[in-house]
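Colleague: Among the features that TrEMBL reports, domain 'G-protein coupled receptors family 1 profile' is placed at 57-313. Summarising the annotation, TrEMBL assigns transmembrane segment to 41-66, 78-98, 118-137, 158-183, 203-225, 257-277, 297-315.
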Amino acid sequence: MSTPTTAFHSIQTISMNMSGGNGTEEDIDDWNYEWNFPFSVILAAILSISAFLAVVGNSMVLTVVIRHRGMRTRTNLFLVNLAVADLLVGAAVVPFAITTLIEGKWIFGPVNGTFCSINGWLNCFCLVASIHTLMYISVHKHYSITRPLGSHFKLRQILGMMAAAWVWAAVSSTITVTGLSSVRYKQGTTQCGPEYPSGIKSYVFHGIIQITNVVIPIVILTYCYTRMFMEIRAHSKRLQANSTLEQDIILAQQKKVTITLFIVLAVFVVCVLPFNLYTTYATIKKDKHFSPYLNPVAYAFLYLNSACNPIIYAFRSPSFREGYKEILCQTPHYVISDGEYRRHLALYRLVPFIMLYLFHDFARLSSTNKLICPVRDVRFHVLWFKM
C-alpha cells in the first residue's frame, strides 16, 4: 500500500534547502532511469500475485462479515475498513504500478494529467484510511481491555470512527492533489506522487499532513498497545490469586484478539519501513539521483501489505478460517464470532468435569438415600478451570 509521499517530500525539500541543494523536478526527470527486463518481469509478477491475493482475500473477509451476523462484531467492523482500503489498492492502485514497470514509463496520459492525479489520490487515500483505522482499532481495544466488564463503545460510535478514517483520508488526498500541492509522475518511479513543495504555505500544509497522518497515529498506537499489554500482564497475575469465570473468559478472548491486531500492526510497520528508509536516503542525497530500483521495491513492500491481513486472519481466527472454507469449498458452515467460539469451546471442555461431579453427587445420593442438589457447587468447580 502506498504511503502519502507528501509528508516525506516536505521533509526532503526542507533538508535539501538547508544543506544547499538545488535539485529541481526537471533535473530529476533529465536523469536516465531504466529498469532491466528481469527486474521488471519479476517485480511485476510479484505485484500481480499480491494484487490477486489482495482482491480475493479481502473480498472473502468482506463476504464472511456480511454473510454471518455473528461476525459483525465491533472489532470486525474496523477490519472491514482495512479490507476495503486493501481491496482498493489491489484493484485500482497496483495495476498502474505493474503497467509502468512493464512499459518502463508512464503511459496513462500526461505526467501531470487526470489519471496521474487519480493514481496519486488513491495512493494517499488508501494509506491514510489504513493508518487511521489502525489507530481507532487501538483506541477501541484499549477501552475493551482496560474495562472488560464496563460499557463499551456503542455501535454508532464505532461507525463514527470508521467514517472519520475515510473522511480524513479523503480530505488529505484531495488537498494533496488540488490544494497547495499537485501530483505528477517522476522518472524512476512506478506511481504518481506530489511535486516537491515550494513556499511557506506548502511547507505548513505538508507539516499538517505529517503530524495528522504520521505523528499523532504513532503516538496513540504506542500508548494504547503499551497500556493493553500492561493490563493483560497485570490481569494474569491477578488470576493467580482470585478470579471470576466471566472476567476470565472475557479477558482471555480479548487477549487473543489484541495479539492478532498487534500482528496486523507489526506487519504493516514492517511493510512501511523500506519506504521510510528510501525517503531518508532521498532526503540525504542532494541531487536526488539514485538507483531506479529503490522506489519500485519500496512501494512493492507497501502494496504487499494489502495481501497480508486476510492471511493473518486465517491463521489467527477460527471464525474467519471457517468462513473462508465455506466460500472456497461451497459448503454451508455455522460461522460464529471468535468470542462465541471460545466460549463454546470452554463449555465443551468443562463438560467432562461437570459430568464427573454430577456422577459423584448422584453416587452419594444413591448410597445415602438423601435428596441433594447435584449442581449446587458447579460454579465453584468451574472457577478453577483455566482455558
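Even glycines carry a Cβ here, placed using N, Cα and C.
Quick caveat, the model's predicted, so the values are computed rather than measured.
Let's see these features in context: how buried, what's close, how far.
Modeller: A Cβ distance under 8 Å defines the sequence-distant neighbours of the transmembrane segment (41-66), meaning residues of its chain 6+ beyond its ends; these are 72, 76-77, 79-80, 83-84, 86-87, 89-91, 94-95, 97-98, 101-102, 296-297, 300, 303-304, 306-307, 309-311, 313, 319-320, 323-324, 326-328, 335.
Long-range contacts of the transmembrane segment (118-137) within the same chain: residues 1-6, 75, 78, 81-82, 84-86, 88-89, 92-93, 96, 108, 161-162, 164-166, 168-170, 172-174, 176-177, 183, 191-194, 213-214, 216-217, 220-221, 261, 264-265, 268, 302, each at least 6 residues beyond the stretch ends and with a Cβ under 8 Å from a Cβ of the stretch.
Counting residues 6+ beyond its ends, the transmembrane segment (158-183) has Cβ neighbours under 8 Å at 4, 6, 74, 77-78, 80-81, 112, 116-117, 119-122, 124-126, 128-129, 132-133, 136, 139-140, 192-195, 197, 201-202, 205-206, 209, 212-213 in the same chain.
Among residues of the same chain six or more beyond the transmembrane segment (257-277), those with a C-beta under 8 A of the stretch's C-beta atoms are 1, 3, 8, 75, 82, 130, 134, 137-138, 141, 145, 221, 225, 228-229, 232, 297-299, 301-302, 304-305, 308-309, 312-313, 316-317, 338-339.
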Colleague: Residue list, the transmembrane segment (297-315) vs rest of chain: Cβ under 8 Å, 6 or more residues beyond ends.
Modeller: 1-3, 43, 46-47, 49-51, 53-54, 57-58, 60-61, 79, 82-83, 85-87, 89-90, 93-94, 97, 127, 189-191, 260, 263-264, 267-268, 270-275, 277-278, 321, 324
Colleague: Cβ under 8 Å to the transmembrane segment (78-98), counting only same-chain residues 6 or more beyond its ends: which ones?
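Modeller: Cβ under 8 Å, 6 or more out: 1-2, 44, 47-48, 50-55, 58-59, 61-62, 65, 108, 119, 122-123, 125-127, 129-130, 133-134, 136-137, 140, 158, 161-162, 165-166, 190-192, 264, 296, 299-300, 303, 305-307, 309-310, 313.
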